[in-house]
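Copied over from TrEMBL:
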TRANSMEM  34-55  transmembrane segment
DOMAIN    37-474  domain 'Major facilitator superfamily (MFS) profile'
TRANSMEM  75-94  transmembrane segment
TRANSMEM  106-125  transmembrane segment
TRANSMEM  131-152  transmembrane segment
TRANSMEM  164-185  transmembrane segment
TRANSMEM  197-216  transmembrane segment
TRANSMEM  285-307  transmembrane segment
TRANSMEM  327-345  transmembrane segment
TRANSMEM  352-376  transmembrane segment
TRANSMEM  388-410  transmembrane segment
TRANSMEM  452-470  transmembrane segment
Amino acid sequence: MVGGTNAGSDNAIHRMAMDDPIPWYKKRNLRTMYLLLFPCVIGIEMTSGFDSQIINAAQLLPHWKLYFGNPTGAYNGILASALPLGSVIGLPLIPLVNDTFGRRWCIMFGSCVMIVGTIIQGFAFNGPMYIIARGIIGFGLPYAIVAGSCLIGELGYPKERPILTSLFNACYFIGAIVAAGSTFGTQTIDNDWSWRIPSLLQMAPSLLQVSFVFFLPESPRYLMSKDRVEEAEQVLIKYHAEGNPNSPFVQAEIAEIRATLEIEMEHSKRSWMDLVRTPGMRRRVLIGSLLGLFTQLSGNVVISYFLGDVLKLIGFTDPAFQAKYNLGNQCWSLICGVSAALVVMRFRRRTMYLTGILSILAVYVAWTICTAIFIANKSDVAAKLSLFWIYAYSPAYNLCFNALTYTYLIEVFPYAQRARGISIFQFWGKAAQFFGTNVNPIGTQAIGWKYLLVYCCWIFAEAIMIWFLWPETSGRSLEELAFLFEPEEYAKMTEAAVKKTIAHVEDLNKDEKVV
């Protein structure tokens, strides 16, 4: 079974939003909210991107290597993997904070923790202190990521929601560019500040979130779940109807959210056990878990964290060249990430996933062959082609695992279990990142280019699992998708409430015109 229930349905909310002729930038309230979303929420993933390049670029700095005793193998791995380890430790409590105190307070908590960790990292005086600091940053990061991705999906107007949630992950590369650029700039500093300055800069996204997050409204779905119905309605009226309380769209949206939440809460105990209680939830958990693994075990960690080792395999050992190539790759990746996010509304989700994963497989096979030829024959052509394939990896990866990750997770998991579902994704993602950052340096040291063959086989397996397990979610509202794998009567109950509300609002508008 590759699809879910309700496939091809004609959802009234989605249709009304897509038929809206007024673009977002001509709506004052919606425009203001979107502009605030960037520093408050969308930029959260900049910390993840910054972190990958802090380790990647720091390994090119002589003073960083000297200060931490020229780390190699397992020691080098734990310096990189301390952050995902800290994330795994912090995950169990995220749904409690997110669903009890709200999305904004959860972002605030995670950001404050990351600021503390970044300060300790920047002033670390030995390896253990550096590792602990990175663990603290990792502990706070998923609180902000889970809450931020939920808030974007639950605040965004349905017409732009998939683009907003896709841009969330694309911001990873802004952080990566700043980290790579700042480290490239500080490599001329002939002391420990060459790595301390970029380390301290990692708190910049968190400072933005702490400064601006309370300028945003709270999630209307969270407010309704806490019986703060009037507040939720005011948020939707202000931002989705530009202050018009009689808007048929926003009245239908309110009715759909309220009806869906009532059904969800009736069948949910708001506990971790809900994730395995029904076949539908078990399938969601399987998809979220596999997606976490795929986003970190599709060969990207090799490029993100250990590019220097990869370039050495093909004969490019000059630190200056490595730094420039790395910076260029991050800029290219940002272009690919944003481009993929902007076209997410034009293609079906399964089409993008399958196209992306098959492209990743083709790139990895070609890269592996070129690297093997260089090592066997010292061919300059093979070495330069390897450089090309590393760059070609970015558009392939961004097409699916970057652009669609949070868009898909928010669509697959219903409100009552959304925070837990994204936490499950984070758990497997960070666990895979921890595994990759520890195993990759050992693997490349032990068997060299042949280590890339392991990824070729695994990426092929990923493509098979995506084909059989991934349902189609495009073209539907979040509330309709809440019953993707559930009995059809739940969706029909919500649909009936929406139709009744639309009819009532239309009758009122007719009466007003008559008067």
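Glycine is no exception: its Cβ is also placed from the backbone N, Cα and C atoms.
Taking every listed stretch (34-55, 75-94, 197-216, 285-307, 388-410) in turn, the largest tally of C-beta pairs under 8 A with the transmembrane segment (452-470) is reached by 285-307. Non-local neighbours of the transmembrane segment (285-307) in the same chain are 52-53, 55-56, 59, 80, 176, 275-276, 322, 325-326, 329, 357, 360, 364, 390, 393, 397, 401, 405, 408-409, 412-413, 421-422, 424-433, 435-437, 440-441, 444, 452, 455, 458-459, 462, 465-466, 469-471; each lies 6+ residues outside the stretch with a CB under 8 Å from one of its CB atoms. Residues 40-41, 44, 47, 86, 94, 97-98, 132-148, 151, 196-197, 199-200, 202-203, 206-207, 209-210, 213-214 of the same chain sit 6 or more residues outside the transmembrane segment (106-125) yet have a Cβ under 8 Å from a Cβ within it. Counted over residue pairs 6 or more apart, the CB atoms of the transmembrane segment (388-410) and the transmembrane segment (164-185) come under 8 Å in at least three pairs, which marks the two as touching.
Panel annotation: around the transmembrane segment (197-216), residues 33, 36-37, 39-41, 43-44, 46-47, 50-51, 54, 57-58, 104, 107-108, 111-112, 114-115, 118-119, 121-122, 124, 137, 140, 144, 151, 155, 175, 178-179, 182-183, 186, 189 of the same chain, lying at least six beyond its termini, place a Cβ under 8 Å from a Cβ of the stretch. The stretch in closest packing with the transmembrane segment (131-152), judged by the count of Cβ pairs under 8 Å and taken from 34-55, 75-94, 164-185, is 75-94. Sequence-distant contacts of the transmembrane segment (327-345) (same chain, six or more residues past either end, CB-CB distance under 8 Å): 49, 53, 162-163, 166-167, 169-170, 172-174, 176-177, 180-181, 184, 303, 307, 352, 390-391, 394-395, 398-399, 402-404, 407.
Same-chain neighbours of the transmembrane segment (164-185): 34, 37, 41-54, 56-58, 60-61, 148-149, 152-153, 156, 194-195, 197-198, 201-202, 204-205, 304, 323-324, 326-327, 330-331, 333-334, 337-338, 340-342, 344, 398, 402-407, 410, counting only residues six or more beyond its ends whose CB sits under 8 Å from a CB of the stretch.
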